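What TrEMBL says about this one:
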DOMAIN    B:4-353  domain 'Aminotransferase class V'
BINDING   B:ARG42  L-glutamate binding site
BINDING   B:TRP102, B:THR152, B:ASP177, B:GLN200, B:ASN242, B:THR243  pyridoxal 5'-phosphate binding site
MOD_RES   B:LYS201  N6-(pyridoxal phosphate)lysine
Protein chains: 2
Amino acid sequence: MSRVWNFSAGPAALPEEVLKQAAEEMLDWQGAGMGVMEMSHRGKEFTSIAEAAEADLRELMAVPDNYRILFMQGGAIAENAIIPMNLLGQHDSADYVVTGAWSAKSLKEARRYCKAHVAASAEAGGFTSVPAMTEWSLSDDPAYLFTCTNETIGGVEYPFEPDLAAIGRAEVPVVADVSSHILSRAMDVSKYGLLFGGAQKNIGPAGLTIVIVREDLLGRSVPACPTAFDYKTVADNGSMYNTPPTYGIYIAGLVFQWLKRQGGVAAIEAQNIAKAKLLYDYLDASDFYASKVDPACRSRMNVPFFLADESLNEVFLAESKAAGLVQLKGHKSVGGMRASIYNAMPLAGVQALVDFMRDFAARKG
Amino acid sequence: MSRVWNFSAGPAALPEEVLKQAAEEMLDWQGAGMGVMEMSHRGKEFTSIAEAAEADLRELMAVPDNYRILFMQGGAIAENAIIPMNLLGQHDSADYVVTGAWSAKSLKEARRYCKAHVAASAEAGGFTSVPAMTEWSLSDDPAYLFTCTNETIGGVEYPFEPDLAAIGRAEVPVVADVSSHILSRAMDVSKYGLLFGGAQKNIGPAGLTIVIVREDLLGRSVPACPTAFDYKTVADNGSMYNTPPTYGIYIAGLVFQWLKRQGGVAAIEAQNIAKAKLLYDYLDASDFYASKVDPACRSRMNVPFFLADESLNEVFLAESKAAGLVQLKGHKSVGGMRASIYNAMPLAGVQALVDFMRDFAARKG
């Protein structure tokens, strides 16, 4: 078996330790005589798995007691509808900060449910930066303000945490799509009303959605909200109103344990800073490659880059793949290349990429 | 490692061959250098996995060309909302045949979206039978008629396939929740407008929902339907509008291949008939145990049964568990015991259960 360096934007590489444990336990979880996939979600074995996963996530992110952690289905795209259906309550509008493809998609979906107001947009600059909070223009009475704090496609990450108290609008709950940088850096959960993300980038398998929601925001759903996606129903039933994606929760739990063994979020953040610095420093020093994102807003997780001579794109992809570096093709809407370097990507993988890029540039430059 | 006989109603036992292959491929799928959980859903490796799974399911169920197979999320409970949101179109009502806890729940959820009319109900008889089609009273212009053709909790299975042409209402599409008996018996897909089910009983892991829908029913969604759950959007994007539950699709594909190696649905149906006959014949011959379901409507998949002396329930559960027979406790709403004997449960497992029951009755009777 030879493992590649997998730069996929998601589903993405997982820690080998996690995969090895999952393989070993596939037919018999800790003497239960059955694998996790075969367990009743209401049995004591799986209940212990789900409770440990939730407790570990709560510890890792220092989630305050007045927030509920929900294990759901549908991914971030489904949440684009589920969020307004849950949070609108008596409001008829919500505010959106648009910083790239994902928040633009969230805005579009919200317009099916309410008046969605653009509080700020980075579109004029080609989605390469994040508008400062002082430029945000909130509407009078929005149900919430929506942000996507790391844009997976554009490679733009907030260099600050949204904090509406700082602009005198503390009463508006901040919603954040953190799919592609959850657990990669410290986040002050208390600054948000709701954090959510698909698991398939920094946590585990596709099909699991994490929602962290402040308790006072439960119970505001509109009549059209499906019961299975009503946050209050999900919370009241410990994420077991409908059968949850049990195996995904199990894998997520193994990832949380792995992350704790690495030293938790602070330690992995230091590692992520080092990984991103290695790659961006090389991009900045090279005339052969370029990053187009405002340096202050460059994502530590998703690094789009471009060859100065784009006619070399195909050979770059072919040769990098032959060298064991895969999934480097940029998103079709952006072009070029993209290296996603989530928590499970070690520094050695980024070093291998930079080494390849340097060698490629020397040969083709 | 010692495997138990797992009678869980779902998530449920999976074929050992499937679990072994999944364990072997966990870190490296067929030389790809990565596991299936780590693959981009748009890469050629995973695309080949998803296409094979769909093709095998289409072959196993002889799904006609004018039906689409969708891999979705949310389970049957979410579908209770997603179905009316997709099929109502210009209609304001739908008809429901209520044969147990699951169809009753579906009816209740539908009432959030439309006038839901009870076309027939078995409630008066305690949900122990299926009303004959000649007793069904359809409304004038329903968007569809909903059925649950195997009630997992009550252990009631339709002894016929709903066929509205037989009662002169061929224009009404039949919807069927087949979660707990899909692939266990031959089904004539052409008799239905839509078949759906959670995968966690007869197919694979929780978190994957299978929808088989006739093409002419696509494009009828109501405005409140989330884009991620709009059947037309899902179909137009090959189940990849949002990131699908990739690992669940992979495991489902392995189960489909396993099922083909067993000889397909006809062969597994013969096996299921033999398994159910073994258990029901013993129940009928015994005074110690009883089945309460109309013999004509007894489920081959879910077999609730009762001890004549219910004070022995706890000791029955404790001793059966000690004998390696687990998850036999009946649903709390029904009481007693329940043995779910899906495709992956071999005849030997049912024989072990009957042997235990006979021994227990001899000792305690």
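Backbone N, Cα and C atoms are what each Cβ position is placed from, and that goes for glycine too.
Quantities reported herein were computed from a predicted structural model and do not represent experimental measurements.
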Among B:THR152, B:GLN200, B:ASN242, B:THR243, the most crowded of the binding-site residues [Cβ within 10 Å]: B:GLN200
Residues from B:ARG42, B:TRP102, B:ASP177, B:GLN200, B:LYS201 facing chain A - recorded positions, CB under 8 A: B:GLN200
Surrounding CB atoms that lie within 10 Å of the CB of the residue listed as 'L-glutamate binding site', all protein chains: 16
Long-range Cβ environment of B:ASP177 (pyridoxal 5'-phosphate binding site), under 8 Å and at least 6 residues apart: B:ALA76, B:GLU79, B:TRP102, B:SER103, B:SER106, B:PHE146, B:THR147, B:CYS148, B:THR149, B:PHE196, B:GLY197
Candidates B:TRP102, B:LYS201: member of the recorded positions with the richest Cβ shell (10 Å): B:LYS201
B:ASP177 (pyridoxal 5'-phosphate binding site) in three-state DSSP notation: strand
Maximum Cα-Cα separation in Å among residues B:TRP102, B:THR152, B:ASP177, B:GLN200, B:ASN242, B:THR243, which the record lists as binding pyridoxal 5'-phosphate: 30
Whole-number Å value for how far B:ARG42 (L-glutamate binding site) lies from B:GLN200 (pyridoxal 5'-phosphate binding site) (Cα to Cα): 24
For B:ASN242 (pyridoxal 5'-phosphate binding site): DSSP state (helix, strand, coil): coil
B:TRP102 (pyridoxal 5'-phosphate binding site) in three-state DSSP notation: helix
Between B:THR152 (pyridoxal 5'-phosphate binding site) and B:ARG42 (L-glutamate binding site): CA-CA distance (Å): 35
